[in-house]
């Protein structure tokens, strides 16, 4: 008798299940959105290909950060797994189960309504037969009274009395039939009612109860699955976090510092102490003939190497404002070597690419030769010639840079040799030693070493020998050289040369990439060693 309440309750149960499905769906959407945001975050901070940023990832701290980004990408993947598993194991199954539940509930309540309608029909039939029985009894009673009245009346004919008697009998018989019918209907109703309350309805209610209990069990199982799906990824998320910790522990500050040292070391030795210049002694100051300027006459060294640049230390590098030379001669030796090596590697890659292209064209030409219908082999000749010319150009370019690289690598002094040169500055051997050390520490264009501050040292060393060296002859030539390229000597201490010009070498390269040459008695200076081809006089060198 509680169909309405049960109907409302079971509908509420289905609504709860659908609400839970909606909750899980929204959780899966959040997981997917979170995973997407994590992936985008990881991608945003990934180093860009072929950029300066990519070079930074040589450092262990940057490598650790890259590992963190990769682990976060995997971490995001686990949240996608949560979303996928919750969708497949909970929302999809529950949605199907809800549909089945709705169908089953509908069927059960349909059977219940049908049973209710059947009982109502049986009750109506019982009421109808009861009313008919009641009516027939009253009719029979009235017919009997009428017959008895007619029979007592002496004025009524015998025929009328007989008719009234027959009518009373008919009515009595109808009452008896109605009674039997009512009795049968009553018995049938009682039986139907018994079955309804003791069989049909309990069976339907039992089915509804089982359906409701299955719903409750299912929502409980789904909640367990919900937790289990999350729990399954915890070990993998743990591994991602362990990976981040491991990458962090692999950070090595010493290794990173060494990379910085390797990247930026110049290959120069630090400068020595600057000598004290004694201005108290009134004397005529000159520079020895072995000094860097080699100009004769008072004041000329000052004009040539003095001025603004005088007295600066080499760490405060004067940048070359002009265009970067092709051979990177404006850089310190170590940096120059790295740049040249990088250029050689780039050229070799380009050569390899062109060679691969040539091989591909050659193969295509062979295919065309074997199958003329596929194409004209002659059409590839122009392209093949062009690629071959490119290869030749690149090879010549690579050879040029390899020659410069070999020069630089052969010239970089060993540590011991540098130490000897450094100590030689203060061993009191006079101007020549001081001059050679000054040359080691400086390039005439002032682009990457100490400015001509050591001229002061030369002066101090030369003080006691002013009279002796005042009228010295110029340095003798130790060989000749041919200018391979035109060089415009715009900085102090350099000299301009024209390609193909023959000049005298008066001081060979000391390891800094510069050679001292002379055109005539008054014109001398430095040019980049890579710009000239030197022919040393063997006798002069041996002497």
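Using N, Cα and C of the backbone, Cβ positions are placed for all residues, glycine too.
TrEMBL entries are annotated by machine, without manual review.
Within the listed segments 281-308, 309-336, 337-364, TrEMBL records coiled coil for the stretch 337-364. When the ranges 372-414, 415-457, 458-500 are checked against TrEMBL, the one recorded as region 'Disordered' is 415-457.
Mean model confidence for the coiled coil (337-364) is a pLDDT of 87.
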